[in-house]
Amino acid sequence: MPTINLNKWILQDMTGLNEQELVDYLFKLKSEVSPVSQDEYSIEVNADRLDMLSLGGIVRALKGITGKELGEPSYPVKDTDYVLEVEKVASRPYALACVIYNVKLSPDFYLKELIQFQEKLHDTIGRRRKKVAIGIHDLEKVEGKIIRYAPVSLSTTFIPLNQEREMSVRDVLQETPQGKQYGNISVWDSNSPAIMDERGILSVPPVINSDRTKITGNTKSLLIDVTGTNFESVMETMDLLATALAELGGIIGRVKVRGMSVDRSPVLRHTSVPFSLDDVNKRLGIHVSRDEAINLIRMMRMEVETNKDLAVIVPPYRVDIMNYTDVAEDIAMAYGYDRFTLESGRTASRGSLSEKSEIYRKLRTLLVGAGFQEVYTLVLTKSSYQRGEAVNIANPISVEYDSVRNSLLWNSLVFLSNNQHSRFPVRIFEIGDVVNRDDSKDTKYSNSTRLSMAIMDSRVSYEMLQAPLHEVLLNLLGVAPSYRRFESDIFMKGRSAEVVVKGETIGRLGEANPELLRSFGLLYPVLLAELDLDALRRVM
């Protein structure tokens, strides 16, 4: 859950609430408050409420839930003569911009809070800047009215934020902390995206801004650019920023856009979500009237179409409202979860195992029948045990648990190493999740369920493990697996194979490499197998 820090005195002054009232009302909004210092709160915000990652959003929500202000606020919006020209940028094709006048960035808390909001949006909807990146500039330092978004050569120079010398884009990507962290996201064919005015580069998204347009406590007007790989996310991010600043007294200035599917930015999109009041009452187990429901929705800072059928008018900042289920949840929050009463269940039903659980249960039964004993090991392990790329913990409590396992084999070897005194042969198996690199995911990693099998004995041969594995799969699938030659540093050369079912590779097995065994302190030979159970289920 994202967490933000806010000045307690400013928050209390803007909402008219004391500390206990803030705690109580924010809890009703699924947020938890804890003091950081005498002057600061830490607020843990529910992950879907991106609008509440800012001071303006928190204030707007609290004014609604307390009934001090109802419905969507009317923010001042005016058209400007600024123009954003969007050229073709293959790696990051979407861009929008807006102007905010009459901003308040002094005292320093307001500036700090704006930067915090920017980074929270980067980490959430922006997927660590891969999907969306935000640039915030002092408008008075921008040259001209034409803003361009276009590719630039890596040899193009500018002075990056908080630097004193001019650097090429290439040097920025290679030498600055931001460049090293985000530089590889959008570079293509020796080009990088850039936001530019008449004088030169304003920012190199998603990496860094120019020092020339750096915002300070004296900044009165802002130019905001949002770029990304998904237009919907770019548009929502811009709307969130504009409305949060408007809540604090800013005036939204719309920028003309050329080269995008919209001609003005911010879009400030409104959508309509119809809902049935009878259905909401049934879902929640309450009985609110039509007028009560309308009032509750307006407490959540939204408006309602009051024709024959009701529909919520979703404002630009409520990007979490997608269907009538979300509407029902908002009605429940405004109504108050503390007002719900407990009722005994009126019907009795019997649960059943999912298809996946049935398969794993049968697999366990077959493996136990084959003479193997199930073990359970922790998902966290020691990074020195792992082979290949793995997810490491940034601040581990213990070096023994500083990495997320990328295979079940390493924990099996640790288990065997700790049980070399046991009666031979030792036959074990484990079913559990692992985490591996997956570039197709936004997070770059994905979970998968694996089965590991291991046999330790004074003497072993490949067939000692291949035979029971073959029988288990034959009984489980009704189809005999086949085996294909496979080489890996994990196994001895010529004594390993891939397990293939219906043409798809589902695992590997073989005699463990003696060097691998020595690294785990094992004195006896070991047979290892690991199957991808997600792949196994696909071929069933």
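For all residues, glycine too, the Cβ spot is worked out from N, Cα and C.
Residues annotated as domain 'B5' in Swiss-Prot, with sequence analysis given as evidence: 268-342. Helix, strand and coil counts from DSSP across the domain 'B5' (268-342) read 33 helix, 13 strand, 29 coil.
The feature Mg(2+) binding site is assigned by Swiss-Prot to ASP320, ASP326, GLU329, ASP330. Taking a C-beta cut-off of under 8 Å and a sequence gap of six or more, ASP320 (Mg(2+) binding site) has these contacts in its own chain: ASP48, ARG49, LEU50, ASP51, ASP326.
Around GLU329 (Mg(2+) binding site), there are no C-beta neighbours below 8 angstroms that are at least 6 residues distant in the chain. Those same-chain residues not listed among ASP320, ASP326, GLU329, ASP330 yet with C-beta within 8 angstroms of the centroid of the Mg(2+) site C-beta atoms are ASP48, MET300, ARG318, ILE321, THR325, VAL327, ALA328, MET333. Around ASP330 (Mg(2+) binding site), taking its Cβ as the centre, 21 other Cβ atoms fall within 10 Å, counting all chains.
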